[in-house]
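Visitor: Got these off Swiss-Prot a minute ago, pasting:
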- ASP7: active site (ACT_SITE)
- ASP7, ASP138: Mg(2+) 1 binding site (BINDING)
- GLU66: active site (ACT_SITE)
- GLU66: Mg(2+) 2 binding site (BINDING)
- ASP138: active site (ACT_SITE)
Amino acid sequence: MRILGIDPGLRVTGFGVIDVSGHRLAYVASGVIRTPTADLATRLGTIFQGVSTLVREHAPDQAAIEQVFVNVNPQSTLLLGQARGAAICGLVSGGLPVAEYTALQLKQAVVGYGRATKSQMQEMVTRLLNLTGQPGSDAADALGMAICHAHSGSTLGAIGAIGGLAPALAKKGLRVRRGRLVR
């Protein structure tokens, strides 16, 4: 099963594509969609087109996207919601089912600790996917979103259905203890 994870943002939208087979996670692609300094409609169009292109190029079976959190600044929350909406439209226009997860669910599923830092997310994603280099924070969050969806058990045949991430970590000689990855 191929999963496309999206970390929405108005300026930078992260994406990550993984393949899931049993307890195995395999990296396919990751990166960011950068919007130009332009009016809101142009930026939202760039996000929609970018996500639509990813769906065509990578042919995922399912998608996962981060839910909007309520920020102190309501204007920022509204803009993030619009960026997220453009990304969801790109996913749905490609016929994908879309799952939504909170930042807390993402961090708990990937790192084992709901208040994990960006660097902890990057490190865990790097280890889980056997990457040679560490992805940027937006791409790492998007890859983490795909891993979270695989772990959720809501994907048929995904790693979350039987045993969660523990077997995948154990194969690498790793485990999570007090929110930290240890050997």
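Note: Cβ is positioned from N, Cα and C throughout, glycine not excepted.
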Visitor: Using DSSP, would you call ASP7 (active site) helix, strand or coil?
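Guide: ASP7 (active site) sits in a strand per DSSP.
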Visitor: At a 10 Å cut-off from the C-beta of ASP7 (active site), count the other C-beta atoms across all protein chains.
Guide: 26
